[in-house]
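**Student:** Below you'll find the structure I mean.
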Amino acid sequence: MNIVILTGAGISAESGVPTFRGPDGLWEGHRVEDVATPEAFERDPQLVHQFYNGRRAKLLDGTIHPNPAHKALARLAMLRAHRVTLVSQNIDDLHERGGSPAVLHMHGELLKSRCTECESVAVCREDLSRASICGACGGIDCLRPHVVWFGEMPFFLDEIAAAISTADLFVAIGTSGLVYPAAGFVSLARDAGARTLEINLEASAASGVFHESRRGKAGDLVPEWVEEMTR
Ligand code: APR
């Protein structure tokens, strides 16, 4: 079976990574949308760096680990009983740490930087600032987080569309269904003839579009679903 899985912030919530639109969705009084735009970076790059530096440091402080949902998705891919395309809106590396062999990070990766001058992408585990120097071109004040901000084009859209066009099953896990284009994948999948399943803590903006919705914690429901798929 061809399976396309889309994950969102909810799959990492039980690992201690805050979701975007939950009760802790504000950051020092700023709405996430206000620090995650190209305009915000132009207006106040230090503030935007500070926001991502904080999230990066938290991801690396040793308290955040992949949970049973990340590990179950890795198991599903590694068993090779199905062809799995894992698409994540998350910028954390918990799918990789959980053992997933391939992840399409459509909104980029927190542990990478990108040079706005030479476009080179590099591993980044340190704080970024206006004084950071690009290892590829030597430029100063030209590095940004390798993440997709509101108003920017997500990555891998062609690969994702191709995978959805041949999907037998589309599964969305832990995403509020509010941010496009990811929120539209379920309709694309239905149009392509796939069965669609949502696994989320509560009803989402897109719940009505899915053939089936399961409500509960990803850490409980995802391993159960993977068990069903590999029985
Ligand atoms: N298990 C399953 N679902 C959960 C859990 C959990 N333990 N905890 C929370 N959820 C659900 C919430 O009910 C919510 O519907 O996960 C969803 C998280 O929604 P958002 O915070 O909006 O995250 P997401 O959908 O990934 O956001 C999409 O928006 O801000 C941008 O680029 C950012 O990738 C992000 C995009």
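From the backbone N, Cα and C atoms, a Cβ is placed for every residue, glycine too.
Positions annotated as active site, proton acceptor by TrEMBL: HIS107. Positions annotated as NAD(+) binding site by TrEMBL: 8-27, 89-92, 174-176, 200-202, ALA218. If you look up TrEMBL, you'll see TYR52, ARG55 marked as substrate binding site. Here TrEMBL flags CYS115, CYS118, CYS134, CYS137 as Zn(2+) binding site. Annotation comment: TrEMBL describes 1-231 as domain 'Deacetylase sirtuin-type'.
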**Student:** Show, in sequence order, which residues other than CYS115, CYS118, CYS134, CYS137 on the same chain lie with their Cβ within 8 Å of the centre of the Cβ atoms of the Zn(2+) site.
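**Tutor:** Everything else in range on the chain: THR116, GLU117, GLU119, SER120, GLY135, ALA136, GLY138, GLY139, CYS142, LEU143.
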**Student:** Rank the recorded positions ARG55, HIS107 by the number of other Cβ atoms within 10 Å of each Cβ, and give the residue at the low end.
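**Tutor:** Candidates: the recorded positions ARG55, HIS107. Fewest Cβ atoms within 10 Å: ARG55.
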**Student:** Compared by Cα position, which of the binding-site residues TYR52, ARG55, GLY174 is the closest one to CYS137 (Zn(2+) binding site)?
**Tutor:** TYR52
**Student:** Tell me, what is the mean pLDDT of the domain 'Deacetylase sirtuin-type' (1-231)?
**Tutor:** 95
**Student:** Reduce the DSSP letter at CYS115 (Zn(2+) binding site) to three states and note it down.
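**Tutor:** Note: CYS115 (Zn(2+) binding site) is in a strand by DSSP.
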**Student:** Looking only at Cβ atoms, how many others are within 10 Å of the one on SER12 (NAD(+) binding site)?
**Tutor:** 26
